[in-house]
Amino acid sequence: MTISIEQPQIEVEVEDKKVPRELVLDGGFMVPETNSFGHTFRDYDVESERKKAVEEFYRTNHIHQTYDFVTRMREEYGKLDRVEMSIWECIELLNEFIDDSDPDLDEPQIEHLLQTAEAIRKDYPDEDWLHLTGLIHDLGKVLLHQNFGQLPQWAVVGDTFPVGCAFDECNVHHKYFKENPDHSNPKYNTKLGAYSEGCGLDNVLMSWGHDDYMYLVAKENKTTLPSAALFIIRYHSFYPLHKHGAYQYLMNDEDKENLKWLHIFNKYDLYSKSKVRIDVEKVKPYYLSLIEKYFPVKLRW
């Protein structure tokens with residue numbers, strides 16, 4: 001099933017007059033003008049029923065995401081010794097959760113996964129690895145489930161950022177980093193901190209959450225997805241980089257190549273969020289075939 005989205009109009013200034021025109025992205029995907037609440041996407045200041053909860057989420061997230069915390073989480077969850085489960089079983093678990101950090105949508109996560117995947121599939125029919133990446137990119141949110149430690153939302157969702165170096169001001173609700181212990185630690189509060197210029201993002205610790213966890217799950221379970229898919233999974237919430245261009249001094253050449261795919265993916269991840277429902281049973285066989293192609297039957301989580 002494909003997603004039908006009304007053709008949006010945006011306004012541009014031409015000789016002091018506002019002229020509507022279409023905004024078309026790669027592949028012909030049409031960007032909706034507003035999110036499911038009727039506001040512009042990723043507007044963290046607009047008054048809405050989600051604003052207070054989202055801001056409180058980021059306050060807690062920014063205080064507690066430290067270099068030491070991330071190191072502990074990666075060591076603990078990198079063992080992948082909690083459960084064995086198929087990709088689709090994991091998808092079904094996400095029906096229980098709504099992302100507290102998201103100002104654009106309050107639907108169960110499976111809806112967002114399928115919206116993203118189907119929008120990509122429509123515009124990039126030959127890139128089946130990208131379809132599957134769209135389906136699984138948020139599966140790390142199972143960290144919210146009791147079988148995975150039932151971590152608080154601030155340790156699972158939200159925009160991600162490097163820890164171990166200065167927090168860039170483009171991070172959403174940046175002011176709350178002042179209460180983070182690393183903010184005043186001379187080991188971590190300079191531009192490079194614990195890293196070196198051009199070291200490559202593989203050598204950088206990112207704030208802990210579903211992105212990094214699903215990256216570890218896919219990599220350690222020997223997925224045959226290409227490196228661009230793993231890059232998308234690990235950095236799709238890294239908005240400071242792919243939206244604002246921050247932290248580029250940490251990237252190497254491979255990162256720069258993979259970032260091109262992330263920019264394509266992000267359009268579908270962000271702008272496919274809507275109240276449009278997907279017929280799960282209709283599309284399920286196709287995605288099961290992709291899972292079989294790129295993953296073992298059962299994964300260690």
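A Cβ is built for glycine as well, from the same backbone N, Cα and C atoms used for every other residue.
Database features (TrEMBL):
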type: BINDING; residues: Arg42, Asp99, Asp100, Ser101, Lys141, Gly158, Asp159, His236, Ser237; note: substrate binding site
type: BINDING; residues: His112, His137, Asp138, His210, His236, Asp269; note: Fe cation binding site
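On the structure: features taken from TrEMBL.
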residue : record                 : Cβ within 10 Å
His112  : Fe cation binding site : 25
His137  : Fe cation binding site : 26
Asp138  : Fe cation binding site : 25
Lys141  : substrate binding site : 28
Asp159  : substrate binding site : 22
His210  : Fe cation binding site : 27
His236  : Fe cation binding site : 24
Ser237  : substrate binding site : 26
Asp269  : Fe cation binding site : 23
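Listed in sequence order, the residues Leu113, Thr116, Lys141, Asp211, Ser237 complete the 8 Å Cβ shell around the Fe cation site centroid, once His112, His137, Asp138, His210, His236, Asp269 themselves are left out. Among the binding-site residues His112, His137, Asp138, His210, Asp269, the residue whose Cα lies closest in space to that of Asp159 (substrate binding site) is His210. Rounded to a whole number, the distance between the Cα atoms of His210 (Fe cation binding site) and Lys141 (substrate binding site) is 5 Å.
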